[in-house]
Amino acid sequence: MNPFQKNDSKETLFLPVSTEEVPPRPPSFPEKPSPKICGSNYPLSIVFIVVNEFCERFSYYGMKAVLTLYFLYFLHWSENTSTSVYHAFSSLCYFTPILGAAIADSWLGKFKVLSMVGLSLIALGTGGIKPCVAAFGGDQFEEKHAEERTRYFSVFYLSINAGSLISTFVTPMLRGDVQCFGKDCYALAFGVPGLLMLIALVVFAMGSKLYRKPPPEGNILNQVVKCIWFAISSRFKNHSGDNPKREHWLDWAAEKYPKQLIMDVKALTRVLFLYIPLPMFWALLDQQGSRWTLQATRMNGNLGFFVLQPDQMQVLNPFLVLIFIPLFDLVIYRLVSKCGINFTSLRKMAVGMILACLAFAVAAAVEIKINEMAPHQPDSQEIFLQVLNLADDEVKVTVLGDENNTLLAESIKSFQNMPHYSKLHLKTKSQNFHFQLKYHNVSVYTDHSVEEKIWYTLIIREDGESISSMMVKDEENKTTNGMTAMRFVNTLHEKVNVSLGTDASLIVDEDYGVSAYRTVQRGEYPAVHCRTKKEDFSLNLGLLDFGAVYLFVITNRTNQGPQAWKMEYMPANKMSIAWQLPQYALVTAGEVMFSVTGLEFSYSQAPSSMKSVLQAAWLLTVAVGNIIVLIVAQFSGLAQWAEFILFSCLLLVVCLIFSIMGYYYVPLKPGDVQGSADKQTPQIQGNMINLETKKTKF
């Protein structure tokens with residue numbers, strides 16, 4: 001309407017209210033018809049978006065699949081540090097979408113951000129891609145095809161998990177099964193996801209002419225912040241009560257900002273308030289790649305027909321998502337609807353939280369069982385001692401003293417495998433132990449100093465016609481993070497160079513030299529190459545199982561050349577990795593009900609000008625969730641099972657809060673925001689506010 005047009009029935013007043021110009025909202029982007037898929041109501045353009053998302057998610061999840069173990073094994077960080085850095089990276093990936101959303105809705109539009117920024121600069125690309133791609137796919141649908149758009153978000157989530165499924169299975173194989181410079185090939189494991197990012201860029205660009213591209217609507221994020229600040233400032237400046245009360249606190253911005261913007265911000269803040277409890281769900285879900293992977297390292301991945309590496313267990317999540325999404329959409333939700341239950345989006349999300357709580361309760365139970373099966377650790381003023389007799393005849397070992405003299409009652413035969421460690425008690429934190437060794441009716445007395453809480457091996461060896469002993473610390477036995485640990489004792493009279501194929505060669509000194517521990521992947525090692533100055537030979541180490549610790553004695557007691565005598569210091573992990581299946585099933589069912597529903601809910605409740613902003617806010621809850629895990633991992637100091645219980649209880653409390661908030665939330669229907677705004681007058685025209693009123697005077 002022309003503000004200077006004369007109106008016979010109304011008097012028009014012009015009041016200057018601001019020197020800052022609020023840019024007018026651009027017209028809606030043209031509803032150009034787009035080609036459909038096989039005569040359906042699905043735009044052909046979403047094929048390119050979904051394939052692009054598959055490739056991009058392959059890249060992202062493929063890299064994350066090996067990240068924790070890269071920190072643990074390659075960089076040799078601790079479990080807590082690996083967990084913290086993993087979640088710090090995940091958090092950063094979900095913080096940057098705020099920047100991407102601001103650029104998308106304000107200046108470049110979703111299409112240009114997704115292709116120019118997101119896929120060109122991978123470091124910041126997550127921030128460009130994540131808030132735009134889901135919303136951009138939703139923009140391809142006309143409002144009359146809202147049902148198809150809802151199903152699109154399920155298909156979109158399927159593509160995410162299809163990419164994740166393949167990448168989390170393939171990249172650990174690239175890491176472990178391929179050798180690069182004698183080590184696990186992390187270069188290839190990270191390089192293949194990088195190639196998929198390039199493919200994602202190409203696929204997305206191919207559909208450029210088919211896309212419906214909503215134009216950017218000015219610096220919308222800046223307008224939102226300023227509108228909220230102006231409303232709050234005006235409210236406190238007019239707290240005296242002289243001015244009439246406003247229906248909503250944001251109505252205090254009406255003197256400066258367009259009514260449509262105020263209505264959009266109202267819709268935005270209502271949803272943002274509902275987002276406050278959501279980070280706790282992501283704090284649990286994202287531990288599949290950290291705490292749950294570390295739990296898998298303490299389990300046995302041998303399933304009989306297949307051997308799973310600890311980081312491959314994550315493949316269960318996307319695999320189950322591909323099953324659960326059609327199961328829930330086509331079966332469970334329809335059955336619930338036929339029972340007359342109004343299963344709203346918020347109710348689905350609340351049930352998803354409860355399922356995640358149950359998943360972590362199961363994870364805690366599994367952790368407790370793992371601890372029960374694991375070898376006990378020596379307490380204060382205790383050590384664990386094992387005797388290895390490498391002499392040619394049996395030896396009777398007696399620990400001299402009041403408390404420990406009956407511990408080793410039987411004679412130890414030559415090269416006898418000891419079934420377990422013996423516990424010895426100390427009077428102080430460190431102590432000298434006196435041993436009597438009986439060999440061929442000759443007694444040899446020896447002293448060895450020990451310290452509390454450490455594992456030791458007393459190695460007895462021939463020394464001319466007599467014997468001698470040496471005490472070796474086994475302190476590295478405490479954990480092997482799911483890999484196999486081994487060390488060598490060399491009885492030959494020259495150094496042996498052992499090539500394990502994973503690192504630099506291991507050199508074992510001559511005449512009962514003892515090597516350091518070396519960790520390798522679980523597997524068969526039938527021909528490990530060794531060499532001395534005089535000859536090359538191979539040792540058959542056999543199967544090295546998950547979590548086991550071995551000692552190999554290199555001997556040459558036959559005419560068949562040097563051989564390895566094998567002794568299992570610590571047994572392999574006993575609990576099957578299959579026991580993680582229930583917790584993965586529960587958390588994945590929770591993810592389908594929470595995340596898929598939340599994506600569609602965020603899009604449907606967002607004003608048209610703020611689709612990407614609200615998607616970014618949704619992703620921001622993921623970032624905050626990862627920060628929660630980071631803080632707990634660094635500062636809780638709890639046992640792992642107790643930490644799982646803590647997260648489960650916290651999410652249960654949050655679920656109750658969210659359910660109460662959701663009970664009072666009234667979802668917006670299509671056109672609610674626009675319709676409400678159209679009924680309102682005032683409207684900003686440049687720097688003036690146009691108020692239409694009947695017979696109003698100054």
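Just so you know, glycine gets a Cβ as well, placed from its N, Cα and C.
Whatever TrEMBL says is automated annotation, not expert-curated.
Feature annotations, courtesy of TrEMBL:
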REGION    1-32  region 'Disordered'
TRANSMEM  58-76  transmembrane segment
TRANSMEM  88-108  transmembrane segment
TRANSMEM  152-174  transmembrane segment
TRANSMEM  186-206  transmembrane segment
TRANSMEM  267-285  transmembrane segment
TRANSMEM  315-336  transmembrane segment
TRANSMEM  348-366  transmembrane segment
TRANSMEM  616-637  transmembrane segment
TRANSMEM  644-666  transmembrane segment
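The recorded stretches the transmembrane segment (152-174) and the transmembrane segment (348-366) do not share 3+ CB pairs below 8 A when only pairs 6 or more apart in sequence are counted, and are therefore not in contact.
A contact between the transmembrane segment (348-366) and the transmembrane segment (644-666) is present, since 3 or more of their C-beta pairs, 6 or more residues apart, lie under 8 Å.
Same-chain residues lying 6+ beyond the ends of the transmembrane segment (267-285) with a Cβ under 8 Å from its Cβ atoms: 224, 228, 250, 346, 352-353, 356-357, 359-360, 587, 590-591, 594-595, 598, 602, 605-607, 610, 613-614, 617-618, 620-629, 632, 647-648, 650-651, 654-655, 657-658, 661-662, 665, 668, 672-673.
Remote same-chain partners of the transmembrane segment (315-336), defined as residues 6 or more beyond its termini with a Cβ less than 8 Å from a stretch Cβ, comprise 61, 151, 154, 157-158, 160-165, 168-169, 288, 343, 580-581, 584-585, 587-589, 591-593, 596.
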